[in-house]
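Participant: In case it's useful when we look at the structure, here is the feature table from TrEMBL:
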- 50, 51, 52, 111, 140, 141: L-glutamine binding site (BINDING)
- 82: active site, nucleophile (ACT_SITE)
- 176: active site, charge relay system (ACT_SITE)
- 178: active site, charge relay system (ACT_SITE)
Ligand SMILES: NC(=O)CC[C@H](N)C(=O)O
């Protein structure tokens, strides 16, 4: 692959523009993806936060559920943030009825785990594989990872809970790094996409 991979941002809901900006800063060619045809030609995909129940519904409506499941199973590198982490989980502990995921990481996640009382906060998180000190994570009604399978790497914990994981080419964080102007998590993902090519 060339040194500038093309990375899609799933544009059904969420911080699409901020992810496009962060990916461009991490030296990727980034573009929104809404329709199954737009999956062609991408080297990786970011799934933004938002509301996982809505993303699940919209993905089904746009005909993206099966193509994306197949692409991930086939090795497409994906980075999911917050609701995006939920979308790449093989299992949700507390799904809404009918809520589905794309899967990709052998883990069980708990939605809204950090609690409604404290719905949104920022915290510094040490992420394995990221140099130069901890990253500032923005947690917005964030999930945590309840348990992981043997092939899943835990990259970060916060408050005793797993908040960043990777399995093969799929990376996921409970927090939003696209809101801070620090692009190191996106760089970690883009480096992984280059290595996969
Ligand atoms: N900021 C977010 O992405 C919130 C995730 C949301 N609580 C969900 O269950 O999908």
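Each Cβ is built from the backbone N, Cα and C atoms, and glycine gets one as well.
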Participant: Given residue 51 (L-glutamine binding site) and the residue listed as 'active site, nucleophile', what distance in Å do their CA atoms have, once rounded to a whole number?
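Facilitator: Just about 9 Å between their Cα atoms.
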Participant: Please name the residue among the recorded positions 51, 178 whose C-beta has the most neighbouring C-beta atoms within 10 angstroms.
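Facilitator: Counting every other Cβ within 10 Å of each candidate, the maximum falls on 178.
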Participant: Cα-Cα, whole number of Å: residue 140 (L-glutamine binding site) versus residue 178 (active site, charge relay system)?
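Facilitator: The Cα atom of residue 140 (L-glutamine binding site) is 12 Å away from the Cα atom of residue 178 (active site, charge relay system).
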Participant: Are there recorded positions among 52, 82, 111, 141 that sit within 10 Å of residue 176 (active site, charge relay system), Cα to Cα? If so, list them; otherwise say none.
Facilitator: 82
Participant: Give me the non-local Cβ neighbours of residue 50 (L-glutamine binding site): same chain, 6+ apart in sequence, Cβ-Cβ under 8 Å, ordered along the sequence.
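Facilitator: In sequence order, the residues whose Cβ lies under 8 Å from that of residue 50 (L-glutamine binding site) (at least 6 apart) are 12, 13, 14, 15, 82, 83.
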Participant: For the recorded positions 51, 82, 140, 178, which residues place their CB under 6 A from an atom of ligand 1?
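Facilitator: What lies within reach of ligand 1, judged by Cβ under 6 Å, is 51, 82, 140.
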Participant: Between residue 111 (L-glutamine binding site) and residue 178 (active site, charge relay system), how many Å separate their Cα atoms?
Facilitator: 20
